[in-house]
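Down below is the structure, laid out as C-alpha cells.
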Amino acid sequence: MGAASTSYSLRAADLARGLAADDDEGGDTVADVAQAASSWWHSLASPYDKEIFLLAIPALFSVLLDPIMGMVSTAIIGSRLGTAPLAAVGLCTIVFNFSNFIWNFLLYTTTPRIASAAAKGDTEGASKITSQGLWLASVIGLCMFGLLYNFCPAIFAAMGAKPEVVVHAVAYMRMRCLASPAILMYYVLSGTFRGFKDTKTPLAAGIFSNVLHLGLLVTFVFGAGWGVAGAGLATSLSHWVALAFLLTNVLGRGYVKPADLARPPAWSEVAPMLRSGFFLSTRSLLAMGMLMWATRLIAGFGAVGLAAHEVLRQIWVFSNQFFTSMDIATQSLVASNLGKDDRRSAAAVFRRTLTLAVSAGVVICCLLLASRTSLPAVFTPDAAVIREVSMVLPLIALFMPLDAAASVMDGVLLGSQEAGWLGKTMVATSACCAVGLALSQRFGWPITLIWFVIKFLTIGRLIGNAYRLWSRNGPLAGELHTAAA
C-alpha cells in the first residue's frame, strides 16, 4: 500500500509540474500534462482488472435483466391495471422469491466446486457435480410448485393483505409458480458456467428469454387482456426458455455428459451439497423472512403503502445488481485461485473488487438522491405512492456503499466455501432485525423506519463478513494482514 501511495504522489507531482510550466512552451506543455495525466490514470489500474471485468460486465448485464423486466412488469401493471394489481404483484413477488431463494445454495455451492474441478482439469468431476445438482433442483422445484399453487391463498391472507389485493395475487402466483423447477435448475447451470469463468453464456440466455418475456407480456396483458395472470404466465414461459438455452449449451460444450445427466444420483452424492446448503438456506430463509415480515407490516397501510414498498423494492434490487456482478466475479476468481492454492491472488482480487464495488455504490447513491422525486413517477402515476417512495428513497440511497461492501465480502466467503459462517452471521443479524420489526409492529412505525430496520441486514452482514475475513483463522487472513501491514 505504501508503494502505491508513493506512486500516486509522484504522478500527482508530475501533473502539477506540467500545469505550472511556462506558457511559452505551448503545445509541449499540453502534451506533457496529457502524458502525466495518462500515466497517473494507468497507475490506478490493477493487473486483475481485465479478468475481473471479463466476468463482471457480462454478469452485470445478466443480473440486470430480471430486475429490468421486473420494473417493466411493474410499470405495465401499475399504469394499465391499477394500484390493487400492482400491490398484488409486489406481494406475490416477495413470496415467490422467498420460495426460490431459500434454495439458492444450488447456485452458490455449485460455483466453487466446479471452479475447483476446472482448475484441476477434472471435466468428469464437473459433469457429475452439475448432473447431481440438476436432479436435486428438479425434485425441489416440483415440490415448491405444488405448495405454492395450492396454498398461496392462505399465505397471502396470513400476510394481512386486503381482499382486493389477494384476488389478484392468487391469479398471478398460480401462473408464476409454473417456473419454480426451471428457476432452480437454472441456478445449477449458472453455477456451472460461473465455475468455468463464463458469464457470457448466461447473459445470452437472459437476453433471449427476456426479449420473449417482453413480447409475451405485452401480448397477454394488452392484447389478450389476461391481466396479472397473463403477466405471470409470460414470466414463467421466459424462465423455461432460458433453462433450455443453458442446457443446450452445457451439453454441447461437453460440460455435462448425457450419461451422467440420465443417472439419478445416490443420496451419498447429494448429501454434501445439502449439508452446505443448509447454512445457505438458513441464511436466505432468515433474510427473506425479515423482508416478508416487513412487507406484512407495510400491507397494513393499505394498497398505497404496499405499492410504494414494491416500487422501493424494485429500485433497491435493481441498484444492488451492480454489486452482485462484482460478487459473482469475486466468487469465481477467489474459488479458482484457492483451487490452485494461490491465496495471494485470491486476496488481491478481493481488495480490487471491494474498491470497485464501493466506488460504484457512491455513484449510485448520488444518482438516487438526485432523482428521488422524479424516479418514482416512472413506476406509477399515483401521487400518494410517489410521495411515499420519495420519502424513503434517500435512506436506501445512503446505504448503497455499505450494500456494495457486504456483497463483495459475501462473494469471497462463498468462493471460500464458508457457508457455515455466513449462516451464523445471518442468525445474529436477523435477531437484531426481528427486534426492530417487533418494535415497529408494537408502536406503528412508518414505512421509512421499517425500511431502516430492513437495512439492519446490510449492517450485520458487513460486520460479520469483515470480522471473518480479517480474523486470524479467516480464509484470506494471512494475505489481508500482510497487505494491511
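Numbers here mean position along the shown chain, with the first residue as 1.
Glycine is no exception: its Cβ is also placed from the backbone N, Cα and C atoms.
On a predicted model such as this, the values are computed, not experimentally measured, just so you know.
Among the features that TrEMBL reports, transmembrane segment is placed at 52-78 (among others).
Residues or ranges marked as transmembrane segment by TrEMBL: 84-106 (among others).
Taking Cβ pairs closer than 8 Å, the transmembrane segment (134-159) reaches residues 91-92, 95-96, 99-100, 103, 106, 165-166, 169-170, 173-174, 177-178, 180-185, 187-189, 261, 264-265, 270, 273-274, 292, 295-296, 299 in its own chain, all 6 or more past its ends. Residues or ranges marked as transmembrane segment in TrEMBL: 134-159 (among others).
Residues or ranges marked as transmembrane segment by TrEMBL: 165-189 (among others). Cβ atoms under 8 Å from those of the transmembrane segment (165-189) belong to residues 84-85, 87-89, 91-92, 95-96, 99-100, 103-104, 106-107, 110, 130, 133-134, 136-138, 140-142, 144-145, 148-149, 152-153, 156-157, 202, 227-233, 235-237, 239-240, 242-243, 246-247, 250, 299, 303, 306 of the same chain, restricted to positions at least 6 beyond its ends.
The transmembrane segment annotation in TrEMBL covers 201-222 (among others).
Under the heading transmembrane segment, TrEMBL lists 285-309 (among others).
The feature transmembrane segment is assigned by TrEMBL to 354-371 (among others).
Per TrEMBL, the feature transmembrane segment maps to 391-414 (among others).
The transmembrane segment annotation in TrEMBL covers 421-439 (among others).
Here TrEMBL flags 445-463 (among others) as transmembrane segment.
Of the candidate ranges 84-106, 201-222, 391-414, 421-439, 84-106 contributes the most Cβ pairs within a distance under 8 Å of the transmembrane segment (285-309). Through the fold, the transmembrane segment (52-78) approaches residues 46, 85-86, 89-90, 93, 194, 197, 199-200, 202-203, 206-207, 210, 213-214, 217-218, 221-222, 228, 231, 235, 238, 307, 310-311, 314, 317-318, 321-322, 324-326, 328-329, 332-333, 349, 352-353, 356, 378-382 of its own chain, all at least 6 residues removed from its boundaries and within a Cβ separation under 8 Å.
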